[in-house]
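Summarising the annotation, TrEMBL assigns signal peptide to 1-34. Per TrEMBL, domain 'Ribophorin II C-terminal' is recorded for 237-329. As annotated by TrEMBL, transmembrane segment applies to 245-268, 280-303, 309-328.
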Amino acid sequence: MRFFGSRSAHAPSWPALAFAAACLLSVVITGVTAKTAKTAKVAQTAPLAVQRVRLAVEDDATATKHVTKTPASPAPVDLTYPARLPSPPHAVTVPQDATVTLTIHLAPPSDAAADADADADADADAAAAHAVLVAIAPDAAARDATPLTLVAVREAPRRFVATLDLSQAAVQRALRRPGAFALTVYAHPAPFRAAASATYPLGSLVLDLAPHDATTPPRADWPIFVPEPTIKVQPSPPRRQPSRLLALVFAAAVLAPWALILGGCVRLQIRPSGFWKGNAVANSLFFGSIVSMLCLFVAYWVGLSIFQMLQAVPLVAVPTACFGYLSLRGHVVARLARQL
């Protein structure tokens, strides 16, 4: 018998080998998929549950965990769900500067999850709880206190440990007042699903805290707020100003040449059209000196002081007066020549 046109009845051809390999690969993929689905089903159908909690108090004075109950430090308390801590007046009291250690044990998987493979159980245990938190809420009397949330540390797949150190300044600043505080354990799976989360109210725990003054700001090892030196502004010294009488005298001295020139032009009946008649050189110099005087006034308005102005005025006023005299004299000579 030949297989798919093979030359020998005992040696199968390559299509037969490919078909056998495809069948084997399909079986392997089907098994892996079924195992993955089974593991996912275990993780989804097994909600978390807190089985028991052990509360131990460690006194910093002795730095040892007390096994027997003493007035200063209580003995460890083992709670199995749904048991709670004893209520007052038999409540557990934690002395000042002590450390409270909560060892939280999660319950094993349910019966439906226990039927899974050992590997699936190990994977479910490893991913059973993503976070285990312990909430410490004050009672109604301590309204100004702030609730605390402790994050438990994983020590085993289903064992977590949370520690509350009353000697820490942050804890004292948050709780502020001694009194009863309610403890609640929260276990959340990964990924988070509210239906699979676990909540275990442990009851009330009396914390003997030193009263904390909320009005006192916390002190740091280094100064955060340092008083800075006061900024002092030194005003500029007042500028020297001449007296009013002196200013009027010098103003009259500056305006006097202009008054004389204006009076001479009116007396001689000089018109703007005939200004350049007579001595042309004297007229040009006089006109240039007038422009220089105007530029000096502009410079005074822009930035010169009155004293700088008074020093520069004689340098311009004297030539202006001289050139004005020569210009007016030329106009007089020209007028007399026209009359003759």
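One is the number of the first residue shown, and numbering goes on along the chain from there.
Every residue, even glycine, has its Cβ placed from backbone N, Cα and C.
Unlike curated records, TrEMBL annotations are generated automatically.
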Provide the three-state DSSP residue tally for the domain 'Ribophorin II C-terminal' (237-329): helix first, then strand, then coil.
75 helix, 0 strand, 18 coil
Over the domain 'Ribophorin II C-terminal' (237-329), work out the mean pLDDT and round it to an integer.
78
In terms of Cβ proximity under 8 Å, which residues at least six beyond the ends of the transmembrane segment (245-268) contact it?
306, 310, 313, 317, 320-321, 324, 328, 331-332, 335
